[in-house]
Amino acid sequence: MGFPWAEQYAPKHPLMQWIDEKLPLPRFVYNAIGAGYPVPRNLNFFWNFGVLAGFALVIQIVTGVIMAMHYGANDLVAFSTVEQTMRDVNAGWLMRYAHANGASFFFIVVYIHIFRGLYFGSYKAPREMVWLLGLVIFLLMMATAFMGYVLPWGQMSYWGAKVITGLFGAIPVVGEPIQTWLLGGFAPGNAALNRFFSLHFLLPFVIAAVVILHIWALHIPGSSNPTGVEVKGPQDTVPFHPYYTAKDGFGLGVFLICFSVLLFFAPNFLGHPDNYIEANPLSTPAHIVPEWYFWPFYAILRAFTVDFFFIPAKLLGVLAMFASILLLFFLPWLDTSPVRSGRYRPTFRKFWWILLADVAILGYCGGAPAEEPFVMISQVAAAYYFAHFLIILPLISRFEKPLPLPGSITEAVLAKYGATDGEAAAVPAE
Amino acid sequence: MVRIGAFLVGLFFAGWLLVSFLMGAAAYISEPPAPTVEHEFHLAPKHVDFSFDGPFGKYDKAQLQRGFQVFKEVCSACHSLKFVAFRDLEALGYNEAEVKAIAKQWAIKTPDVDPKTGEMTGRDPVPADHFPKPFANNVAAAAANNNAIPPDLSLMTKARHHGSAYVYSLLTGYREQPAELLKKFPDAKTPEGLHYNPYFANLNLAMAPPLTAEGQVTYGEGQPKPTVDQMAKDVAAFLTWTAEPKLENRRTAGLATIIFLLIATGLAYMSYQNIWADKKKKA
């Protein structure tokens, strides 16, 4: 891992030397997130979000494990055990609100992380595997979040579970047996709740394992950077510790402040009031909506209103929703431009902003009731979403004329900040 | 190969979405969706000020006690409050003996098993008990209430948008069905046994106006006059407390946490600047 000029782990204390001989775990950590990992010196604050996502996962696991100590995964008591946690468990309200809002913050951080990767071309060779593993994490997160939302057994939990498992019912011939098999019954009930709890407890640890693979894959080529120009020598990098541990420490502080504002002063802002009503299979809520982080995909699902010959609209919606995520796995081969960073790709950059706005519009429509004009808006926005990745991006990378790239990372940094002691004089601007 | 496949898939999805859009738009123009009676006559909750508004608001204990009194004398005849225990009332400023007395004198008995015969019976609640439910089960509740089951009130203010204002608005919002409504939607006449209330989602609810006259509940010395408006406000405040009893702890803890984080983040920023000083000198 790392570049040849990476600092070597050389423990001085005999105990640490003894450990290093038997099990070089400290060496592994040193090389992964310590001084032994050289990182481009020009990362901006958008590169903080990977560490923040890891921290968000830790918050979820800690608060989640504690909540599981007080939760009863049974449809008769699930709702009241959650309320009991809120009222009678010491700091139970804090654990529950931190877990619910922590999920939202996990997604906020991960969405910023993904859009950073999209803008700066982080998915391109040689980092395709990092991108693919990141998408696996994203899919696991979505599954975990969905099952977690079912556990309080409120109205949205129940009806959300019904709608989402109902998607499998749209698959021809085998759909309904699959749906029944997934739920352990014909409708969500105790069997479904219990298996969702089991999987909700398991998957975060699977996520943690894939996170390790994600970081491992990242450390082989090393981190990407805002110029997209690869590291050329020791002058282009700084050791992760103390440079990026210090920067991440500050980023983490800002993250925790934002998290605390919501957690302590508006803990139900991102939730839906209907989930404070106990699940009732006999009463359908007026509007069934998932949590906000699923809204863009929910809008794509509902945008298909017309059958395509023998394919029913519902099945098309399901296929499109899955396709909207799966297509991201092909991104490294759809965007063939050799230039990574959006900074040097004028056309690509404009379309990136359109995509960002498009996903925001889809998100808004996904949270709105399934009425006009929201359905029409989401149809146009969903059409753009598919066109962006599958048609526009390959065409841009073929025809766009990129701006000249800086010769190296150091050159770009010197153009911005001027030379520092012992470095060559500034070279022309980027 | 990947790009050709992607192009075809993209063309299919985007194309069919645009076809769906055009068909939807054509239908929208030729047959605009008819307005519904809920769209036109449903009202958002009224604006109302509470002591617990804002990031540092606190509950007004005297108001919570008045609200509890309204709940006890009016709401509790039909509505349960199953997530709240009598012992929780100490947060309203009652002492242990008072809570014990409130529990003992509660009109509804706590279901229990006779220790001698093993038969189902009722006993006086103790502070450790949750508020007993007014009906033995949903069938009994529906039978006694014109087929509508009175919902549990513990979480009501969190289970509706702007819940505190919603409860207040609903309780003070009963009125005659407007003539304009009947002219525009002749089929939307409030059915027999329901009551028109524009703050309720579908405009007609089974609950008869519960607060009807000033002085329906007698407030103690030095308390405001028990007008319908005041009682509605007090019980809305009480139900905000039942839904979020830890609100004050949460805000206090939040303030301390954020002050700590501001200082810690300030220090982290300085150490970040310090460590990077040799790498980023401004030209």
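Each Cβ is built from the backbone N, Cα and C atoms, and glycine gets one as well.
Automatic prediction, not curation, is the source of TrEMBL annotations.
These numbers come from a predicted model, not from an experiment.
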Stated TrEMBL location of transmembrane segment, expressed as one of A:351-370, A:411-430: A:351-370
Candidate ranges A:8-29, A:250-271 [criterion: TrEMBL lists as transmembrane segment]: A:250-271
Candidate ranges A:163-184, A:295-316 [criterion: TrEMBL lists as transmembrane segment]: A:163-184
Stretch-level contact, the transmembrane segment (A:196-217) and the transmembrane segment (A:130-151), CB cutoff 8 A, at least 3 pairs: yes
Long-range neighbours of the transmembrane segment (A:376-396), counting only residues six or more past its ends (CB under 8 A): 299-300, 302-303, 305, 320, 323-324, 327-328, 331, 334-337, 345, 347-348, 351, 354-355, 358-359, 361-362, 365-366
Among A:His99, A:His113, A:His200, which are recorded as binding-site residues, the nearest neighbour of A:His219 (ubiquinone binding site) by Cα: A:His113
Sparsest-packed among the binding-site residues, when each Cβ's other Cβ atoms within 10 Å are tallied, from A:His99, A:His214: A:His99
